[in-house]
Amino acid sequence: MIIRQMKLAAYLIGTGMHVASWRHQASSPSASIDVKVLQKLAQIAEKGKFDLAFVADSLAINHESHPQILNRFDPLILITALASATEKIGIGATASTTYNEPYTLARQFASVDHISNGRAAWNVVTTADATGQTALNFSREKHWEHDHRYERAEEFVDVVKGLWDSWEDDAFTYNKETGEFYDPDKVHELHYKGEYFSVKGPLNITRSKQGQPVIIQAGASIPGQRLAARTAEVVFTHWDNIEESRQFYQKLKSQLKDFGRSEEELHILHGISPIVGETEEIAQEKHNELQKLIDPHESLKFVSGYMGNVDFSKYSLDTPAREVDFPKVNSIQSQFNEMKKIIEEEDLKVGDLYTRFFGAAKRDRFIGTPTQVADEMEKWFNEKATDGFMIQFPLLPRDLEDFVELVVPILQERGLFRLDYEGDTLRDYLGLKKPENQFATEKDTI
């Protein structure tokens, strides 16, 4: 009998996810462009036996952007550096299907998968465009509409996966005696023609040890759920409470059968921001230290990017948030709708918005002693609200180190999390099969 265990991903972002983390006395404000610091973070996560170290991305910035994304590495280049500094942990990065070409991304992720010896993952996004300016960086007048982006994304992923299978696993014979470098019968041109792409192939790199990089997705809209059910193997999500998370979990898992997939082929990871202390009071004080560093007006600029780039400077901090004239959004629609619902239900004021949505107040159930945090994680896991957690640490490296030293041992003792890595690839850790080559002339038999 296979014992169900949590999957854990560490979100690596400079000094941490909290908007004021860079101001903390223990932080290094330039961490987002210090490769040694970032490699050390990945090593700490690996020490904690995390499945994945993850790096997000954005393709435009403005004065409202989170401080940690204003100055940072290209994620694909960064995860290559993380791969060289680690041996086991999976490494994942975000890349957009709206502002890239399939051949280029297929080649890049296949390369990272080889360099890491089968530990790479691609987070498929259609680009949230929090700034409203992304299109202008790519010679376009405006960001494409939501449904258009997801239609293109489905084709994009199909093309990439097809290119990854250009070469059968034993195609390169390297026969010095006969002079045969590869078997021409085992290389396949894609010849893809769709509404958005026309790609001949083949790709000029083989499949890796794990076959293909793991596919991650994070959209919770209807098109996003369809894309996830059809192609994703990991989904990042966040809901305000366990019941909403459970409902999403059941809804998404139920869609897998429509694409001939089992529930075990997709892991849903709920986002949390834990702060751990020897006592509940110490943990809360750590949280309060960060909250005191927030500039309320600056933090609202960050909130604006998630709520249609509304100009909060026109409103006082005491203005009821329901009176704000929020524009129609063309990105992260599920999150926007959830935030508006909470504003109505809780009668929030403008000055409450950052603390409520991004300052860990909504996640304070994960602020406490190691046992309290482990208890809450176990509850969400056992009640089938999640398969694990995407952990966005408020302050790095402090909160990651505390979690690894104090919470992971409790999860391990309870049998909820691995004692050590089993296997060598990210697919091994996630319990995912190596995908068969869709063009292979001979299928493996068991």
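Cβ from N, Cα, C; glycine included.
Keep in mind that TrEMBL annotations are predicted by a computer and have not been checked by a curator.
According to TrEMBL, the residue from S198, S208, S221 that belongs to the FMN site alongside D57, T94, H146, Y150 is S221.
Taking a C-beta cut-off of under 8 Å and a sequence gap of six or more, D57 (FMN binding site) has these contacts in its own chain: D74, P75, A93, T94, A95, S96, V125. Look at T94 (FMN binding site): DSSP puts it in a strand.
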